[in-house]
Amino acid sequence: MADTKKLFIKTYGCQMNVYDSERMAEAMGTEGYVTTEVMEEADMVLLNTCHIREKAAEKVYSDLGRLKPLKAEKPNLKVGVAGCVAQAEGEEILRRMPLVDLVVGPQSYHRLPAMAKAAEAGEKTVDTDFPEEDKFDHLPDRPKATIRPTAFLTVQEGCDKFCAFCVVPYTRGAEVSRPAERIMAEARGLVEKGVREITLLGQNVNAYHGAGAEGDWTLARLVRALAKIDGLDRIRYTTSHPNDMGDDLIAAHGEEPKLMPYLHLPVQSGSDRILKAMNRKHKAEDYLRLIERIRAARPDMMMSGDFIVGFPGETDAEFEATLDLIRAVKYGMAYSFKYSARPGTPAAEKTPVAAEVADVRLQTLQALITEQQRAAQDAMVGREVSVLFEKPGRLAGQMVGKSDYLQAVHVAAPDLRAGDLARVRITGTAPNSLAGVLVGG
Ligand code: SAH
Ligand code: SF4
Ligand code: F3S
């Protein structure tokens, strides 16, 4: 192609942004753009941004500032801002950063190719609509070549929960589920291209209720239908809300071997008063009972979670309640954050906990999580797991893949390739990965 242009995308934030970046790259492909890993050679730089915490949002502005010399050197360089900061700040981005050519929100990115064309003609555009049309209907089919055996697939977007601290309901809009048959078709297409593991994505993925045969489908029904696709070996989903963990989904974990035994189920706090102030609409005890039921269905379930420390008004005793909950659950993995006041959210009106106090709480909580994570890793030694290999390791003949429990596993396997699934016996642990040997190999 004579007029091939190069697109550099930087992705911040959650997996949904990773998926969106892929879809935007594909859409721009129809306009003659190919992606590049080298920012300096790009004709367009697109930042797919995250608004969840202040640091994430501010990073976008410092990265935009760093583009100034490149733009000075290459006056034809186009700069775009997509994602949740784009949605939240819209026009304001153009005012603060005049080098930006286009701003596109997460629900409008099917319009990106047209906006890129306008940018090439010297016109600046901002699109932060929540359009009536479904963007997925206006995006090209997924391209033929995929290089990885794992893929993300967005099934649900937006959030109606309005946790008091969170911007997602504002940046991503109301909950919308994609029709089941579209998801099935996209999944079949991915599997034909060599994908063996699909992670279904949604801000509230277990609230999925997409139109399907005989009425709306739940996430459990979707999972069971996907499990019938030959060649698809593993199904995961993220992120879930405890209140949407339906009986049929719990049952599916006990009955559907392709559904992996790893569940990210954020709870944020172990204190009932804080949970109420956060508008989470459940108690700590409800969460603990829920996990008991999940583990009754699937005893080897590895739990993962998210925690916020220093929510406005959080006392020492309330923080201790969070530690108690963590001790009761025994997580295999968890993410924890210092509360960040976000503009427009109800919690932002309240007096924050002193930064030093929040810092110490974060360190304390993270130390406990690290201890649990290490215990979970150590408990794997001697066990047999399945590993889906994703890429060669650093040593000759070594391959790296993921266990059923989403742990990275290094194995000497010179005859295996990315996309191979094999039984592995775990022989040792490193801080963030496991080592193993092929069973019978
Ligand atoms: N929809 C998911 C995750 C949303 S964002 C859910 O409901 O769990 C991912 C995580 O970021 C949240 O689980 C929460 O722990 C954290 N987070 C969200 N807003 C935050 C804020 N204002 N300050 C600190 N952490 C926040
Ligand atoms: Fe944010 Fe709560 Fe919705 Fe998760 S459930 S995206 S934390 S508002
Ligand atoms: Fe961030 Fe938006 Fe995801 S705010 S966490 S990129 S939904």
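Quick reminder: no glycine exception, Cβ is built from N, Cα and C everywhere.
In TrEMBL, annotation is done automatically, which means it is predicted and not curated.
Over in TrEMBL, the protein carries these features:
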- CYS14, CYS50, CYS84: [4Fe-4S] cluster 1 binding site (BINDING)
- CYS159, CYS163, CYS166: [4Fe-4S] cluster 2 binding site (BINDING)
- 5-121: domain 'MTTase N-terminal' (DOMAIN)
- 145-375: domain 'Radical SAM core' (DOMAIN)
- 378-440: domain 'TRAM' (DOMAIN)
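Structure with TrEMBL features highlighted.
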residue	record	DSSP class
CYS14	[4Fe-4S] cluster 1 binding site	coil
CYS50	[4Fe-4S] cluster 1 binding site	coil
CYS84	[4Fe-4S] cluster 1 binding site	helix
CYS159	[4Fe-4S] cluster 2 binding site	coil
CYS166	[4Fe-4S] cluster 2 binding site	coil
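Residues CYS14, CYS50, CYS84, taken from the binding-site residues CYS14, CYS50, CYS84, CYS166, are distinguished by a CB atom under 6 angstroms from ligand 3. Taking a Cβ distance under 6 Å to any atom of ligand 1 as the criterion, the binding-site residues CYS50, CYS84, CYS166 reduce to CYS166. Listed in sequence order, the residues TYR12, GLY13, MET16, ASN17, THR49, HIS51, ILE52, ALA56, GLY83, VAL168, THR171 complete the 8 Å Cβ shell around the [4Fe-4S] cluster 1 site centroid, once CYS14, CYS50, CYS84 themselves are left out. Each residue contributes its Cα atom, and for CYS14 ([4Fe-4S] cluster 1 binding site) and CYS159 ([4Fe-4S] cluster 2 binding site) these two points are 14 Å apart. Residue with the densest Cβ environment among the binding-site residues CYS14, CYS84, CYS159: CYS84, by other Cβ atoms within 10 Å. CYS163, CYS166 are the binding-site residues among CYS50, CYS163, CYS166 whose C-beta comes within less than 6 Å of an atom of ligand 2, given in sequence order.
Distance noted between the C-alpha atoms of CYS163 ([4Fe-4S] cluster 2 binding site) and CYS84 ([4Fe-4S] cluster 1 binding site) is 17 Å. For CYS50 ([4Fe-4S] cluster 1 binding site), the same-chain residues lying six or more positions away in sequence with a CB closer than 8 A to its CB are TYR12, GLY13, CYS14, ASN17, ALA56, ALA57, VAL60, GLY83, CYS84, VAL85. For the domain 'Radical SAM core' (145-375), the mean pLDDT of the prediction comes to 96.
Within 10 Å of the C-beta atom of CYS163 ([4Fe-4S] cluster 2 binding site) sit 21 other C-beta atoms, taking all shown protein chains into account.
Non-local contacts of CYS166 ([4Fe-4S] cluster 2 binding site) by the CB criterion (under 8 A, 6+ apart in sequence, same chain) comprise ILE52, CYS159, ARG342, THR345. What surrounds the [4Fe-4S] cluster 2 site, by Cβ distance within 8 Å of the Cβ centroid and not counting CYS159, CYS163, CYS166, is the set LYS161, PHE162, PHE165, VAL167, VAL168, PRO169, GLN203 from the same chain.
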